[in-house]
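In TrEMBL this protein carries:
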DOMAIN    143-246  domain 'CAAX prenyl protease 2/Lysostaphin resistance protein A-like'
TRANSMEM  12-31  transmembrane segment
TRANSMEM  51-69  transmembrane segment
TRANSMEM  90-111  transmembrane segment
TRANSMEM  165-188  transmembrane segment
TRANSMEM  200-227  transmembrane segment
TRANSMEM  233-255  transmembrane segment
TRANSMEM  262-281  transmembrane segment
């Protein structure tokens, strides 16, 4: 009877966890549509209004985690904000190493960009340290959305809040691949706007959506991996912002590039180095006490691999 009770309890935990994650995902996406407008999603007025709604949902997202903890009775020694990756211990390596690892993965695209860039190194450094340049960036609504608001709110909602709810039910390994499904599905709302503004044929829009779902799901698994291994939110946010800036690698243009041999070499080198450094650079011992460990059974293999 005790085994059946435990099974029922585990099943109830999983159902509640998935429902909470689904509600949170729907709330985030739904907040984008509380404002009725005939303008496109890239219009500054639309972006400003959506900033307001997603920031409200994001600020309320810790409440979902608190309610989940109260309903499940999942008492831990870690505070809610700590579980969400807001902590000081290990913050310096958590800020630098995941971003550096992501830049290594994108070594090929970065080399390609540098070869095509009309600026020299000194000119680029002058622009990077020019306050006027950053003023222009922060007053550009699309830049602010893609580089700041979207990475911060999406990682907060889809990683920091959902992973602590999924890990006790599914284990960290499964949660890494489950959590991005909510993230990928959430991006399907772009189909509505593309159909509405007739930005292509129905087939091309849905093929693009399927590709975007696949890409965002893989990317979501990567940032979920970083979040669980480091116990910090800052790494996923910076990696998300960086990837939004770089975009999907223009692989098919490489073959037509005058220096394709060099670029292909760095594409391959980046991928090889990324997989060689993935675990060493995300070693949990570099980042202090991982809060997610408080949600794991101390005798489990997941606890031993992540927390010891």
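Glycine residues also receive a Cβ, built from the backbone N, Cα and C atoms like all the rest.
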Open item on the list: How about long-range neighbours of the transmembrane segment (90-111): same chain, 6 or more residues beyond its ends, C-beta under 8 Å?
Closed with: 226, 230-232, 234-236, 238-239, 242-243, 246, 249-250, 254, 262-264, 266-271, 273-274, 277-278, 281-282, 286-288
Open item on the list: How about long-range neighbours of the transmembrane segment (262-281): same chain, 6 or more residues beyond its ends, C-beta under 8 Å?
Closed with: 97-98, 100-101, 104-112, 115, 249, 251, 254
Task: Segment-level pLDDT (mean, integer) for the domain 'CAAX prenyl protease 2/Lysostaphin resistance protein A-like' (143-246) - done: 84
Open item on the list: Are there residues at least six beyond either end of the transmembrane segment (51-69) with Cβ under 8 Å to its Cβ atoms? List them, or say none.
Closed with: 16-17, 20, 23-24, 27-28, 31-32, 34-35, 75-76, 80-81, 83-84, 144-145, 149, 152-153, 156-157, 160-161, 164-165
Task: Counts by DSSP class (helix H/G/I, strand E/B, coil) across the domain 'CAAX prenyl protease 2/Lysostaphin resistance protein A-like' (143-246) - done: 93 helix, 0 strand, 11 coil
